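Annotated signal peptide per TrEMBL: 1-25, in sequence order. Annotation source TrEMBL lists transmembrane segment at 270-295, 345-373, 379-400, 412-440, 452-475, 507-530, 536-563, 575-594, 606-635.
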Amino acid sequence: MQLRKHAPSGALLVSLLAAPQLASAFYLPGVAPSSYKHDEQVPLYVNAIRPVAGSDAMLHSVVSYDYYHPLFQFCQPPDGPQNVGASLGSILFGDRIKTSPFELKMGLNETCKKLCEKTYQKGAALLVNQQIQDGISLNWLVDGLPAGQKIVDEMTETEFYNPGFLLGQETADGKVQFNNHYDIIVEYHQVPGSKEQYRVVGVIVQPESRGYTGAVGDDTCNMALDPVVLDETGDTKVQFTYSVYWIPSTTAWATRWDKYLRVFDPNIHWFSLINSAIIVVFLVLTVMSVLVRALKKDIARYNRLDQLNLEDLSGTSALMEDGVQEDSGWKLVHGDVFRTPKHPLLLSVFLGNGAQLFVMTGFTIAFALLGFLSPSNRGSLGTIVILLYTVLGFVGGYTSARMYKSLQGEKWRLCIILTPLLVPGIVFTIFFLLDLFLWAKESSGAVPFTTMLVIILIWFLISVPLSCAGSWLAFRAPAIEPPVRTNQIPRQIPPVTTYLKPVPSMLLVGLLPFGAIFVELYFIMSSIWFSKIYYMFGFLFLCYGLMIMTCAAVTVLMVYFLLCAENYNWQWRAFLAAGTTAGYIFLNAMIYWASKLSLGGFAGSVLYIGYSLLISFLFFILTGSIGFFASWLFVRKIYASIKID
């Protein structure tokens, strides 16, 4: 099957990162194409109704609704709406795909077909008008493609399709118009080598507000001059109609998603990313060069001093020893640096789940970057995240147990149990509580009970046993021995300077990794809350790498200064300092809430804050683990490089 772009396989990754259109929109077609004969039925499915930006460019709600919610009174199929199969990820992301009464026949143009007539009472009219003012959007699917509206980018003068279309619009004079007619424009092309097979390659819907004065016919519509305005003081009869127009297109089936996967302001995006990359790379190189030079000097002096002591020279060695101790004191704490920290069980559980998240995120971005998460497979991103996290339970259990054993923990049974239960349990509890708000609002975004049950079964039947197996193997393996012995009596820790105190150091360390990802974070937030398709995985891949580098470098630097100040309690400090990045992510979400959203209701505010906390908590575990393991490797390396009597 032909791919989206012709590129030699050896240069695939380079080409992905070399141009905005490739870095953001490379994909494999994902599913087998559906071909239709002339006059054959092409199904049109309806999806959940989602909020988008209102007339003031602000998002007023985060609650989506089922298409056939009684509030909207849309026309239904004669035999009632039927559910269309969806993946686990699609359901979790709020897709509720159902059949519709629309009849589309391949290549057959139809004008002003009657659907049904509905009467909106004043109470329903008031609520529907409010939804229109808030910017609610309808979402249809034709042959897997989202029905959207054609938009022209004023900067580049290129056309692209924006999925979804508005329920209605508010005019300049304050009137709220309700769209009751839909012009469905379907782009199709003939299958190469076949004269009777056709494929859908694009769908556009142009909604209109039409007030009918006479009977609706098959070919013409008698339209009134005034559009449909739902009366909030009485009943309003609304006639729903639609027209279908088929337009031949030269677009190949394998590239039909190109117009949907539009990168907004790609040059600005690239400029911001390159700017962040230059700053991060410069920072990391500076930190590492200073650190390496200082460490080489320290290690050489320490080893030279030990050699002199072994030769039993005169008091010169003692004077040199005192000079070295005053110059840099990280060797002074060699007998305490691997001392078991407070709460080793909790730290080990967090580290195991952090390693699990780290590997899962890397695999997910790699699959997406190589085009395996096709947008035609709705919910494939969510599905692969759940499956990878489930299968990688073995990694989490193994890492947690190995670290706990190296920290000389004794409650190994509790470690085996808590690793697959604590962090996933916190995430599931928050998710379930937020889901209760969605159920109370009768939102389609509420995850069904059966789906919840499936997730729990996957969790306990696959993830928990794999995690326990990994922990069991890790506890049977030899412990990771520290390169130096630990003294029986803990060394007294002297007071530290202001910037090395817990809160200032955490704020400084957490800020820099956040600076590497905040540009991409803006686009991800817009994709989540404004129901846009996110497919800029080339940018995301670079940002993820920059975040790892920054997180590791600044945490190692903080630990070095901490050890030089004779403070050997570095384990939790490294984890918490790197994890503070999550605090900046939550703060950024609150700023985004204040600048881009206008959530008036209590439920919407709780949902936004709750989901932001959930994402921030996962980032806390991820970045904290990156900082800890980088520091752990660094500490082991430097203390293995010196000679200890």
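Glycine is no exception: its Cβ is also placed from the backbone N, Cα and C atoms.
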Beyond the flanks of the transmembrane segment (452-475) by 6 or more, those residues with Cβ under 8 Å of it: 88, 352, 386, 389-391, 393-402, 405, 412, 415-416, 419-421, 424, 428, 432, 435
Any chance the transmembrane segment (606-635) and the transmembrane segment (379-400) have 3 or more Cβ pairs under 8 A, given the pairs are 6 or more apart in sequence? no
Cβ-Cβ under 8 Å with the transmembrane segment (412-440): same-chain residues at least 6 beyond its ends: 63, 345, 348-350, 352-353, 393, 396-397, 400-401, 404-405, 446-447, 452, 455-456, 459, 463-464, 467-468, 471-472, 475, 603, 606-607, 610-611, 613-614, 617-618, 621
Decide whether the stretches the transmembrane segment (345-373) and the transmembrane segment (536-563) have at least 3 CB pairs under 8 angstroms, with pairs required to be 6 or more apart in sequence. yes
Sequence-distant residues near the transmembrane segment (379-400) by C-beta distance (under 8 Å, 6 or more away from its ends) are 30, 86-93, 95, 348-349, 351-353, 355-357, 359-360, 363-364, 367-368, 373, 415-416, 419-420, 455, 458-459, 462-474
